[in-house]
Amino acid sequence: MGASLYFFFLMLCFRLGHSSLPLVINTWPFKSATAAAWRALQSGGSVLDAVEMGCARCEVDQCDGTVGFGGSPDETGETTLDAMIMNGNTMEVGAVADLRRIKNAIGVARAVMERTEHTMLVGESASVFAENMGFVAEDLTTNKSLNVFSQWLKGNCQPNYRKNVSPDPSKSCGPYGPEAVRTQCNGERHVNIHSHDTIGMIAIDGDGNVAAGTSTNGLTHKVPGRVGDSPIIGAGAYADSSAGAAAATGDGDIMMRFLPSYLAVELMRNGADPSAACKSAISRIKRHYSDFFGAIICANTTGHYGAACNNVPSLTQFHFMVETAESDAPVLKSVACF
């Protein structure tokens, strides 16, 4: 009888997903980031350490050119960075946006959380804070980003993200001035899969402690000062150790309006499994922007996880990475978009 009861509890734990903890999951096929986060956990680090190390790995590797230095130059040719990190136990958050000259954006975000009573710092003041905290100031421009910028200038600054300005932004570079605002429907946006590859990461340890974070260099050819969803709490990522975590990637200007990561976590809190929570968060956006580019990953505190994405020509399948004690190596997963 005792052996049977023990076996029953083992099976129950398996069904509940406890055998899948610890867990690291991140957006896109950024294997080195997954491995770095897992190593942090396995060496005794916290879930915050894991998220920071995983995102930092992508910043160094310049994952797909959309994370870290030397990517996504804005209208002036400058690369700026956004990042955030969230502690699911204390609900503390640190975030930076429009960060200049500092390569380790996720590290600065954590410094905001641990060395100030604020939640987010932005722009030049965030860079000065980082330098005061010992982060090294470096040029984020590379030959590759300079070439992207020069080619854009030669192409009459196409594409860009201006509207209701003069001269006509669909034909000319700026400087721009205001024109009468024209009423527009939700029209077609410039979609480039390599302009939206934020790394979003979730880490859950064996005790159910949860953290999440993001890092990105934003949107290529963005208007200077633009901030997307990545550093926005509840949009780019959200974590709560009583429910789980989620992280989003895609067209941040659209997605941040719906706080998909927060929505997904609240759905999991109310009993939705991670896949269903992810799908509901994407569906909420689709009702207003049917052709938006985006995806989300979700994980609950038992180690179950899921993902969902909006089906558009440039995104019919979404790939993400997972590592658990069972896999003991980063595993590439995919989900069909709907």
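Here the Cβ of each residue, glycine as well, is placed from N, Cα and C on the backbone.
Residues or ranges marked as signal peptide by TrEMBL: 1-19.
If you look up TrEMBL, you'll see THR198 marked as active site, nucleophile. Its Cβ taken as reference, THR198 (active site, nucleophile) is surrounded by 32 other Cβ atoms within 10 Å in the chains shown.
Per TrEMBL, the feature substrate binding site maps to ARG226, VAL227, GLY228, ASP229, THR249, GLY250, ASP251, GLY252.
Annotation for the binding-site residues ASP229, ASP251: lowest Cβ count within 10 Å of the residue's own Cβ, ASP251. In this structure, the binding-site residues VAL227, GLY250 were compared by how many other Cβ atoms lie within 10 Å of their Cβ, and the smallest count belongs to VAL227. Around GLY228 (substrate binding site), a 10 Å sphere centred on its CB holds 24 further CB atoms from the protein chains shown.
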